[in-house]
Amino acid sequence: MSAALQVTAFGLALLSTLFLLLATCTDCWMVNADDSLEVSHKCRGLWRECVTNMQDGVRTCDQYDSILADHPVKIVVTRTLMITADLLAGLALATLVLGLDCITFFKEDPCAKLKMCYGAGVVLGAGSILGLTGSVWYAVDVYVERAMLVSHNIFLGVHYDFGWSCWLGMAGSTGCFVASVLLTCCLY
């Protein structure tokens with residue numbers, strides 16, 4: 001039962017870590033939702049803003065001025081939290097690989113392998129909380145921005161909703177949290 005649980009947690013942690021990395025690197029955290037003419041599709045991300053022309057499929061992206069430039073708080077906080085979550089999830093995944101029963105590393109010390117799995121679960125849990133905080137922070141800020149415009153009857157022609165990168169960050173963080181629970185609570 002322990003080996004099956006370890007492999008399940010590893011598979012979930014691997015997939016969730018990939019989701020977190022993709023969410024951090026992709027540029028569709030916010031997507032336009034009000035373009036009634038559907039001439040273009042606009043996405044904003046943590047690193048750049050991209051516009052796709054719907055008629056000919058040409059995609060152009062504008063990089064933000066500098067990583068160190070003044071950016072909105074939601075960008076800076078989300079970048080920081082997501083990068084930290086990526087690093088913690090990667091570290092946890094490497095530790096978990098070494099702690100799996102099917103790997104011959106530390107085969108003579110099963111207690112050490114169990115501690116490695118438990119430690120990987122704790123680190124994965126910390127990464128999942130940071131990733132979920134970053135994703136939800138960004139989503140709430142998008143919602144508040146939109147609610148403020150609506151409450152003041154301001155219509156700019158385009159408003160933004162959560163993009164697939166934001167959802168991917170939430171899904172990856174949730175998967176890391178479930179894998180963490182499997183490794184810390186269910187493995188013993």
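Glycine is no exception: its Cβ is also placed from the backbone N, Cα and C atoms.
Whatever TrEMBL says is automated annotation, not expert-curated.
Long-range neighbours of the signal peptide (1-28) within the same chain, counting only residues 6 or more positions beyond its ends whose Cβ lies under 8 Å from a Cβ of the stretch, are 43-50, 61, 79, 82-83, 85-86, 89-90, 92-93, 96-97, 99-102, 117, 120-121, 124, 127-128, 131, 135, 163-166, 168-169, 171-176, 178-179, 182-183, 186-187. Here TrEMBL flags 1-28 as signal peptide.
According to TrEMBL, the feature transmembrane segment maps to 118-140 (among others).
Among the features that TrEMBL reports, transmembrane segment is placed at 162-187 (among others).
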Can you tell me which parts of the same chain pack against the transmembrane segment (162-187), counting only residues 6+ beyond its ends and a CB-CB cutoff under 8 A?
2, 5-6, 8-10, 12-13, 15-24, 26-31, 43-45, 82, 85, 89, 92, 96, 114, 117-118, 120-122, 124-125, 127-132, 134-136, 138-139, 142
